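Only one structure is covered here, and it is reproduced in the block below.
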Amino acid sequence: MQSTSNHLWLLSDILGQGATANVFRGRHKKTGDLFAIKVFNNISFLRPVDVQMREFEVLKKLNHKNIVKLFAIEEETTTRHKVLIMEFCPCGSLYTVLEEPSNAYGLPESEFLIVLRDVVGGMNHLRENGIVHRDIKPGNIMRVIGEDGQSVYKLTDFGAARELEDDEQFVSLYGTEEYLHPDMYERAVLRKDHQKKYGATVDLWSIGVTFYHAATGSLPFRPFEGPRRNKEVMYKIITGKPSGAISGVQKAENGPIDWSGDMPVSCSLSRGLQVLLTPVLANILEADQEKCWGFDQFFAETSDILHRMVIHVFSLQQMTAHKIYIHSYNTATIFHELVYKQTKIISSNQELIYEGRRLVLEPGRLAQHFPKTTEENPIFVVSREPLNTIGLIYEKISLPKVHPRYDLDGDASMAKAITGVVCYACRIASTLLLYQELMRKGIRWLIELIKDDYNETVHKKTEVVITLDFCIRNIEKTVKVYEKLMKINLEAAELGEISDIHTKLLRLSSSQGTIETSLQDIDSRLSPGGSLADAWAHQEGTHPKDRNVEKLQVLLNCMTEIYYQFKKDKAERRLAYNEEQIHKFDKQKLYYHATKAMTHFTDECVKKYEAFLNKSEEWIRKMLHLRKQLLSLTNQCFDIEEEVSKYQEYTNELQETLPQKMFTASSGIKHTMTPIYPSSNTLVEMTLGMKKLKEEMEGVVKELAENNHILERFGSLTMDGGLRNVDCL
């Protein structure tokens with residue numbers, strides 16, 4: 001045990017080891033509070049005194065929630081050497097987190113965003129104080145749990161740090177080689193002398209490598225044999241990186257370098273975040289310091305990402321989930337554009353559904369006023385045009401080979417890899433289940449909306465039939481009036497046109513039968529047992545009640561226990577006979593559990609999901625055809641209504657002229673009577689006939705006026721009840 005005046009620690013209770021110091025877990029003598037005690041070794045004292053004091057001076061200047069706090073500088077009781085009393089971080093480092101099998105293919109998106117936020121926050125504080133860290137890596141980013149239960153990451157280990165302004169440079173070498181800037185790598189690792197000086201932006205390269213590692217679980221630049229076994233190829237990769245690339249991997253010995261500007265498919269970050277993050281990585285992973293972004297642009301771009309809100313969207317036809325990263329002050333117009341970038345559905349074809357109802361976003365509506373969404377409760381987007389069904393895109397990863405040879409180091413590495421694959425399969429199984437549940441929900445809601453559209457079309461068709469019937473009766477009565485006018489030799493040029501309109505109205509009336517038949521066909525397809533019913537969605541695929549994810553998790557828990565035991569075995573370096581036999585049995589169990597898990601994943605999760613995907617594609621194709629048919633019928637009803645309205649308007653104009661024509665008819669009879677003296681009987685008959693004709697015409701005009709009044713009242717009553725938004729079909 002060692003101690004200072006206020007703290008003590010056991011030499012066996014070590015937290016970490018570095019080139020110049022060890023860190024122990026210690027306690028305050030009076031309170032018992034835990035602290036991290038940094039004790040410098042003999043190598044550290046070989047450094048110049050000013051270099052030894054530099055870490056103390058740097059830490060004294062820093063005070064930020066994302067920097068490990070320095071509480072005191074004390075002296076060890078026996079040696080009188082300086083020790084640092086620092087904040088204790090019980091959850092280890094980011095490296096510890098990335099070593100977990102569950103993070104073998106990168107952190108979950110929510111955790112990655114916390115890393116991004118905290119590292120950027122810590123680095124910004126360093127820059128404000130004119131300090132360059134020079135050894136940014138996952139092992140130097142500590143983790144604690146905050147009061148809200150979320151992770152908080154803090155920069156630590158400022159042994160390599162020094163004060164340096166943006167326009168200053170340095171020539172000394174520090175850092176960990178996988179995370180080193182290419183210019184520093186050349187001198188520090190390859191031992192090649194050059195006259196280059198390094199600026200503060202060398203930290204940006206290390207940050208880029210760290211962020212890529214956190215996002216994917218792997219280093220971005222990897223020779224076939226590994227970064228430390230083939231340093232020349234490693235240097236070739238990091239100096240030869242094309243502009244825009246964020247990774248370079250050699251997949252075969254002496255093989256070519258595979259460059260990529262995108263994250264690997266196995267990465268758990270959403271596409272919405274990746275499109276924002278990859279340009280940042282591409283521009284800070286830049287060997288040429290002239291082309292590399294400066295800190296100002298780096299902070300501006302990362303701040304832009306961190307200040308965005310997320311709107312969850314699910315594309316029903318494509319069966320894909322999306323996260324739309326958008327500023328709270330952005331409008332619905334920008335939201336539709338961002339949806340297009342991820343789904344390729346143009347804005348005019350995007351129909352939105354939220355919690356079973358159509359969601360209409362006014363163009364100027366701000367994103368902060370959108371409905372609240374989650375992965376389980378997103379906004380559904382449906383395209384009015386055909387789309388290819390895509391589904392979840394994931395990497396099909398096979399189990400690594402298990403070598404029968406007994407090897408503690410190799411077995412620990414193998415256990416980590418094989419457990420990581422099953423963790424990945426478990427995550428994919430959970431996502432596949434979520435996608436199927438969202439499809440079931442979306443299909444159910446869409447069917448209800450189509451039924452609403454169908455009912456509105458039926459309602460509109462009923463309106464049209466009533467209007468058409470009134471119009472036909474009106475035109476028939478108008479024809480009778482004009483025919484009577486013709487009987488007294490009064491010219492009625494409109495009669496031919498009226499008869500033509502009557503014929504057209506009868507033709508329109510006969511077309512109602514075809515529309516009715518089509519509507520009945522649609523109704524039968526939407527009814528239970530019809531081709532568009534959703535019964536299949538509850539029969540196909542996987543369901544929560546199957547508990548497939550839970551079954552995989554049970555096997556994964558067994559594997560994880562074996563993995564942790566293998567880590568302990570590796571630390572022991574050598575096992576007694578009995579422990580060695582247990583180790584060998586566990587190795588067999590590990591492979592058995594892994595094989596069983598992957599078989600279950602393939603047979604029960606993947607195959608059933610693919611069957612569901614195929615059925616979904618077939619249903620969506622039928623649904624789109626039905627909606628187009630329904631839209632066509634609706635448009636036919638509106639077209640008929642418009643045509644009938646035009647004929648009715650013309651008829652009304654004719655009716656307005658009838659009183660004048662009747663007056664003309666009465667006058668014309670008087671003037672056209674022959675001057676001879678007819679018999680008294682003839683005069684009486686003519687007078688009675690004219691009186692009767694006049695009464696009939698007046699009766700027809702009155703009836704026509706009443707019909708028009710009824711039509712007007714009917715129109716006003718149904719105006720609010722008709723289809724308002726036909727484009728929604």
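Glycine is no exception: its Cβ is also placed from the backbone N, Cα and C atoms.
Binding of ATP is attributed by Swiss-Prot to LEU15, GLY16, GLN17, GLY18, ALA19, THR20, ALA21, ASN22, VAL23, and the same site annotation extends, among LYS29, LYS30, LYS38, to LYS38. Looking at the stretches 210-265, 322-377, 658-713, the one that Swiss-Prot records under the feature coiled coil is 658-713. Record check of SER172, SER499, SER632 in Swiss-Prot: the feature phosphoserine is attached to SER172. For the annotation phosphoserine, the record in Swiss-Prot points to SER716 among the listed residues SER510, SER645, SER716. When LYS551, LYS587, LYS607, LYS615 are compared with the annotations in Swiss-Prot, the one labelled N6-methyllysine turns out to be LYS607. If you compare LYS65, LYS82, LYS154, LYS401 in Swiss-Prot, the ubiquitin cross-link annotation sits on LYS401. Predicted-model confidence for the domain 'Ubiquitin-like' (309-385) is 97, expressed as mean pLDDT. Following the DSSP three-state reduction, the secondary structure of LYS401 (ubiquitin cross-link) is coil. When secondary structure is read from DSSP and collapsed to three states, LYS30 (ubiquitin cross-link) falls in the coil class. Its own atom aside, the Cβ of ASP135 (active site, proton acceptor) has 22 Cβ atoms within 10 angstroms in the protein chains shown. Neighbours of LYS401 (ubiquitin cross-link), defined as other CB atoms within 10 A of its CB across all chains, total 9. On a Cα basis, ASP135 (active site, proton acceptor) lies 35 Å away from LYS401 (ubiquitin cross-link). Around the Cβ of LYS30 (ubiquitin cross-link), the same chain contributes ASN6, each under 8 angstroms and 6 or more positions distant in sequence.
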